[in-house]
Structure formats: structure tokens, C-alpha cells
Amino acid sequence: AQAVEEEEEDEEDGVYVVERILKVRHTGKSPEYLVKWEGYEGYDDEFTWEPEENVLVGAGKMLKAFKEALAAEEVRRGKQRMGAGSSSGSSRATKGSGSGGSRGALPT
């Protein structure tokens with residue numbers, strides 16, 4: 001019950017609760033994160049792109065975990081690409097997938 005009361009107070013102060021961090025994009029100097037906000041299901045602003053400083057307000061641990069998972073995924077992808085080069089069929093499939101520029105792009 002206490003956590004619910006704290007969340008309500010946070011929303012009154014203009015601080016909202018991050019449910020999940022979904023993606024990252026790099027525009028300009030600093031990254032922005034696609035955030036799913038708790039309690040906004042079905043609203044237009046359920047998902048928003050936020051600068052890191054906005055996400056850190058109440059979700060610093062979640063942001064750290066997201067960055068660690070992203071780094072682990074990049075390592076995994078790198079290992080897959082290295083292994084894919086030994087087979088001519090799979091190298092053609094990965095070559096066209098684009099190794100740069102697509103990370104963090106918002107799907108259309």
C-alpha cells in the first residue's frame with residue numbers, strides 16, 4: 001500500500017513511473033530511450049522518447065540493466081557475424097541486414 005501512495009505522490013510532483021525501457025536511439029549528442037510509462041496503457045503518451053536525464057529520475061537501475069542487456073546483445077550479434085562468415089549462404093543473408101544505422105530506429 002505504501003508503494004502505491006508513493007507513486008501517486010510522484011505523479012502529483014510531475015515524476016512518472018517507468019514501466020520498461022524498450023529501445024535506444026542516437027540523435028544529436030546524447031541518446032534517447034523509448035520508455036513505456038506505467039498506468040498509461042491505451043493513451044497516446046504510453047510510449048515516449050526521453051533523454052537519459054529524464055529516465056534517470058526514477059529508473060536508474062532499470063536504465064543500467066537495459067544498457068547491460070544491450071551490450072550483451074551486441075556482443076552476441078558480433079559472435080554470430082563472425083561465425084556466419086564461414087558459410088557462404090548465411091553470409092549473404094547477414095550482409096544485406098545492415099550492420100549500422102538501424103540500432104535505435106523507431107519502426108515505421
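Numbers run from 1 along the shown chain.
Just so it is clear, glycine is given a Cβ too, placed from its N, Cα and C backbone atoms.
The shown structure was predicted, so the numbers you read here are calculated from the model rather than taken from an experiment.
Among the features that TrEMBL reports, domain 'Chromo' is placed at 16-78. Residues or ranges marked as region 'Disordered' by TrEMBL: 75-108. The compositional bias 'Low complexity' feature in TrEMBL is assigned to 83-96. For 97-108, the entry in TrEMBL reads compositional bias 'Gly residues'.
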For the domain 'Chromo' (16-78), what's the model's average pLDDT? 91
Go ahead and report the DSSP secondary structure tallies for the domain 'Chromo' (16-78): helix first, then strand, then coil. 27 helix, 23 strand, 13 coil
